[in-house]
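Have a look at the structure below, then the notes.
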Amino acid sequence: MRKGNEIELLVEGIEFPAKGFGFVDGLKVYAKNTFPGQKVFGRVTKKRKEYAEIRVSEVREKASYEEDQKCPHFGVCGGCSSQTIPYEKQLELKVEQVKDLFKEAEVPTGEFLGIETSPIQWEYRNKMEYTFGDEEKGGELTLGMHMKGKSFGIVNVDKCVLVDEDFRNILDTTVKYFREKGLPFYKIMPRTGYLRYLVVRKSVKTEEILVNLVTTTQIDFDLTEFTELIKGLNLKGKLKSIIHTESDALSEAVIPEKVNILYGDDFITENLLGLNFKISPFSFFQTNSLGAEKLYSIVRDFMGAADNKVVFDLYCGTGTIGQIAAGKASKVIGIELIEEAAMAANENAKLNGLNNCNFIAGDVAEVIKTVKDKPDIIILDPPRSGVHPKALDYVIKFNAPQIIYVSCNPKTLVTDLKVLETKGYEIEKTLLMDMFPNTPHVETVVKLNKK
């Protein structure tokens, strides 16, 4: 077997995140987003002594348990990977992958409590970031998601089933309008064009909708007609905000260099477990609101009785976990790298009448050195890269009786848990939460106690 060869592979097992594997001539071969029982065909993209990887071009045989796809974009759009897998099987595979990581790292799970299901499997997302582009080079304007296995192709996802019909309506109306106007989309190379992204957010409890059109400054285009068009849509939810963000940044991330409010406010409000949270166009907020309520309830339950206790909420984002914990604690201190998020956290705490919370902007690894309070409980909710080693050192030095680790990446989770174990922490229990049905992702919540 050599790089560039095309081979057929029977998928026999799976490793996180949904990397199926089988064996060809005794060599372990990985195929991303495949599942046990499938027979796939693809090209070898990497060949090592111990393993190889292929990019799948065709699923030649489905697994016996697979169902028909629900979405017409499945297989072309890169958004979903497990839509044909029955939900109970998705959960089973996620549990298997996470438990295998713990076993491989020789980290105990403590009492393993299984996996909590998402309250809804479809139309659960409260945010979508759509990209302007074309499906084929030189083709008509499209607005949607990156095509599976391609660097530049964008597929229209006007029938996506991860969002409700308001998202689909806004997307369809927007792309048709800008096709009619003949405006060019932004091309990464040679960095020319106007239309970049359309970001839509919708809160579940209040049903408020925010629409954010992101463009470059290369064309001076009057968006009054577009604004009136969106305002005139027959939406189930309540249109609260239309924003125009101007960004000439080289980064593919939405970087707001100038923000213009075309209609309404610059935020929407979501309610979680009785608390209100203002969400700006750029706020980090869990994309499954109903799932977030379950996730944060798990954290609150893991805390147990927290009266008269000081809680640290590290990597706190807009302070959702910290504020939900505040009802049980005497004091909450949150640390968040992004200044805008920390400011929003303090604003939300004030909005909710919580005077026992303080959210600080800065790098966790640096700010944590300056905090004088001694925590009874530390809540860790780091990015996919895990807790920075310097920050983890300070977490350990605080010698908190209890740590609750909320992880979106079980690979970095087990690495950090191994360190905490060597420093005198014992894992009491582990529970998974499926926040992202039909995708490989899963949240893991672990409670640790100081021996």
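Note that Cβ sites are derived from N, Cα and C of the backbone, with glycine treated the same way.
Swiss-Prot has this to say about the protein:
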DOMAIN    1-58  domain 'TRAM'
BINDING   C71, C77, C80, C160  [4Fe-4S] cluster binding site
BINDING   Q286, Y315, E336, D381  S-adenosyl-L-methionine binding site
ACT_SITE  C408  active site, nucleophile
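Sequence features, as recorded in Swiss-Prot, placed on the structure.
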{"residue": "C71", "record": "[4Fe-4S] cluster binding site", "Cβ contacts under 8 Å, 6 or more apart": "C77, C80, Q83, K159, C160, V161"}
{"residue": "Q286", "record": "S-adenosyl-L-methionine binding site", "Cβ contacts under 8 Å, 6 or more apart": "A292, L295, T320, M435"}
{"residue": "Y315", "record": "S-adenosyl-L-methionine binding site", "Cβ contacts under 8 Å, 6 or more apart": "I335, E336, L337, V364, L380, D381, P382, P383, V387"}
{"residue": "C408", "record": "active site, nucleophile", "Cβ contacts under 8 Å, 6 or more apart": "P383, R384, H441, E443"}
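Look at E336 (S-adenosyl-L-methionine binding site): DSSP puts it in a strand. The full span of the recorded S-adenosyl-L-methionine binding residues, Q286, Y315, E336, D381, taken as their largest Cα to Cα distance, is 15 Å. Secondary structure at C77 ([4Fe-4S] cluster binding site), as computed by DSSP, is strand.
Within 10 Å of its Cβ, the residue among the binding-site residues C77, C80, C160 with the fewest other Cβ atoms is C77. Shown are the binding-site residues E336, D381; the one with the most C-beta atoms within 10 angstroms of its own C-beta is E336. Secondary structure counts, DSSP: the domain 'TRAM' (1-58) has 0 helix, 37 strand, 21 coil.
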